C-alpha cells in the first residue's frame with residue numbers, strides 16, 4: 001500500500017487531465033449559456049463557431065511561425081488569439097445581422113432560432129473544412145512539459161511520475177483569467193449589468209432604456225472570445241479536427257444544462273462535473289488502485305468502468321439524472 | 001394534389017430524368033433509390049416535428065438501429081459463437097435490464113431511503129452485469145475474429161428485417177420518450193442528440209453484436225445479383241433483343257427492382273400518413289401542437305400522444321435505416337455522421353414543407369439530389385473560377401481540393417434561405 005504513489009497516479013491520470021478538459025468545457029458552456037440567457041435559444045452552431053475561431057488562430061499561428069515570431073516557451077497560438085477572436089467576432093456579428101436579427105424583429109419562437117442555428121452550423125462546418133480541411137492539425141509549439149516524468153521522479157524519488165504538460169497549465173491559467181474578467185464585466189460594468197438585466201427580464205430592461213441591439217452585439221463579442229479561446233485551448237491540449245469540435249457540442253450542452261442554462265456560474269460547475277465524471281469513468285483505474293489497496297488486493301482487470309468510446313454516454317447519463325431530478329440544473333437556471 | 005405540388009414533383013422528376021440523359025441511368029437510379037429512402041426518413045421526422053412539434057435531432061441513431069435490425073434478422077447465425085458465449089451474453093443483458101427495473105421499483109416504493117437504495121442497486125447491478133457479460137463477449141469475439149467474431153443473425157429473409165428495424169427503433173424511442181418527453185423542446189433535442197451518439201458508439205464497439213467497425217458485409221439481398229442475371233440465358237436474350245448491353249442492363253434491372261420495393265413502402269407510408277393526418281387523430285395531433293394547454297383542457301393526454309407520435313416517427317426512421325442497409329448490402333457504423341443522417345434530413349423537412357407529408361417527400365428527393373449533385377456542379381464552378389489562375393499555384397490547388405466541402409455550405413445556405421423567405425417550405429401545410 002503506497003498512498004503517496006496512488007495520489008500521484010490519480011493526480012497524473014485523472015485530476016490534471018480532467019481539470020484541463022473541465023476548463024475547456026466550462027469556457028464552451030459559458031458561451032452556450034450566455035447565448036441562451038440573452039438571445040434565448042440553444043445555439044447548435046457553437047461547436048463549429050469554436051472550430052472556425054480556432055481555424056483563424058491556427059492560420060495566424062502559422063503566419064507568425066513562418067515570419068519567425070514565437071512566444072518563447074509558450075505556444076505561439078496565444079499571440080494569435082486576438083486575431084482569431086476578432087475574426088470570429090466579425091463572423092458572429094455578420095451572422096447575427098444576416099440571420100438571427102430578422103427572427104428577433106419578428107419575435108419568432110425559440111425553436112425557429114434553433115433551426116436557423118442548424119443552418120448556420122452547416123455553413124460554418126463547410127467553411128471550416130473549406131478553409132483548413134477536415135484533417136487533424138497540430139499547432140502547439142514552445143516548451144512541451146512544465147513538469148516532466150524524469151524530473152519529477154528524480155526530485156521526489158517516487159515510482160509513479162507526475163507529468164504536467166505546458167498546454168494543460170496554460171489552459172487552466174487562461175481559463176481562470178478569462179472567467180475572472182467575464183465575471184468582473186458582468187457584475188461591475190454598466191454594459192455587463194445591462195446584459196444581466198436583459199437576461200432576467202427583457203420587458204423591464206427595455207422599459208429602463210437598455211438598447212437590446214447593443215446588448216446582443218456585446219453578447220456575440222463575448223461569445224466570440226469565449227469560443228475562440230475554448231477552441232484554441234482544446235486544440236493545443238489535444239489536437240484540432242473539425243469533426244471533434246462538432247462532437248464537443250454534446251458535453252458542452254450537457255455542462256451548460258447540468259449547471260443550469262443561463263447561469264454563468266453553473267456553466268463552470270457543469271463543465272467540471274462532466275469532465276471529472278468522463279475522465280474518471282473512462283480511465284483504467286488499475287494503476288491507482290494497485291497503489292491504494294493493501295498488498296494482494298490489486299485488481300486483475302483494468303478497472304475501466306466504461307471504454308473511452310462511451311464518454312458521450314457519461315455526459316449523457318449525468319445530463320439525464322440532472323434533468324429528471326433537478327430540471328433547472330445545479331444552479332437554478334431558467335425555468336423549464 | 002394541388003397544382004403547385006404537381007408542378008414541383010414534375011420538376012424533381014425532370015431533374016432525375018435529366019441526370020439519366022446527361023450522366024447515366026445508373027447514376028440517376030442510384031440517386032433515386034437513396035432519394036426514396038431519404039423521403040421515408042423525412043416522412044418520419046415530419047411526423048414528429050410537423051404533426052406534433054417534437055424536436056428530434058437523433059435521427060441518425062434510429063436509422064443506425066434499423067440497420068442493426070437488418071443485420072440481426074437476415075445474416076446467417078454463427079452457431080459456434082452462440083454456443084461459446086450466447087447464453088452468458090443473454091444472461092448479462094437480462095441482468096442489466098433487471099437491474100434497471102429493480103432500480104425504478106426501488107425509487108418508487110423505497111420510502112425514505114429511496115435514493116440510496118436506487119443508487120446501491122444500480123452500482124451493484126452494473127458490476128454484476130459487467131462480470132456476467134464480459135466473459136461471454138470475449139468468448140464470442142474470440143471465435144474466428146477475422147471473418148466473424150459476432151453472434152450473426154437469425155438467417156430470415158431480409159425483407160422481414162425492415163419492420164424489425166422499425167421495431168428496434170421504436171423500442172429505443174419508447175425508452176427515450178419515457179424519460180425526455182415532457183421536458184422542454186431544447187432538452188429533448190439535446191437528449192436525442194446524445195442518444196444518437198451513444199447508439200453509434202455502441203455499434204462501433206460491441207463487436208459481438210455486429211462486428212463494430214470491422215463492418216458486416218454481404219447482407220442478403222431481396223433482389224437477384226447482377227452476375228446471376230448475366231448468367232441467365234433468358235435475361236441476356238431478352239435484353240439483347242432490345243439492343244442493350246447485358247452488363248448495363250443487369251445493373252439497371254437490379255436497381256429498378258429496389259426502386260419498385262422502396263416505392264411500394266413509400267407509397268403505403270404516405271397513404272397511411274395522409275389518412276392518419278386527415279382523421280380525428282390527426283386533428284387532435286395538430287391541436288396539441290398548436291396549443292398544448294387548450295388541448296389538455298379538452299381532456300387530451302398530451303404526454304401520451306407525444307410519446308405515441310415520437311415512437312411512430314422513430315419507427316419510420318428505423319424502417320428506412322433497415323432499407324438503406326439492405327440497399328448497401330453492408331453495415332458500416334463508422335460512416336454514420338450526424339450531419340448526413342440527422343441534420344440533412346431536417347433540411348429535407350424544412351425545405352419540403354413542415355407538417356405536409358407530400359412536402360417532406362418532395363424535400364427528401366430534391367435535397368438528396370442536390371446533396372449528390374452539388375459536388376460535380378461545384379467542381380465545374382471551381383474549374384471555371386480557377387481557369388485563369390496559373391497551373392500549380394497554391395490557391396488553385398486548394399480551391400479545387402476543397403470542392404468536396406461545398407455541399408455542407410450549400411445545404412446550410414438552402415436551409416437558411418428557405419427558412420427566411422419561405423418559412424413554411426416549398427409545399428406549405430395548408
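Note that Cβ sites are derived from N, Cα and C of the backbone, with glycine treated the same way.
Keep in mind that this is a model prediction, so the values were computed, not measured.
According to TrEMBL, the feature transmembrane segment maps to residues B:256-279, out of the candidate ranges B:208-231, B:232-255, B:256-279.
Of the candidate ranges B:30-47, B:114-133, B:153-175, B:187-203, B:256-279, B:30-47 has the most C-beta pairs within less than 8 angstroms of the transmembrane segment (B:344-371).
For the transmembrane segment (B:256-279), the residues of the chain that approach it from at least six positions outside its boundaries are 29, 32-33, 36-37, 39-40, 43, 47, 51, 159, 162, 222-224, 285-286, 316, 319, 323, 327, 357-358, 361, judged by C-beta separation under 8 angstroms. Contact check: the transmembrane segment (B:307-324) against the transmembrane segment (B:30-47) gives at least three Cβ pairs closer than 8 Å, residues 6 or more apart, which meets the contact criterion.
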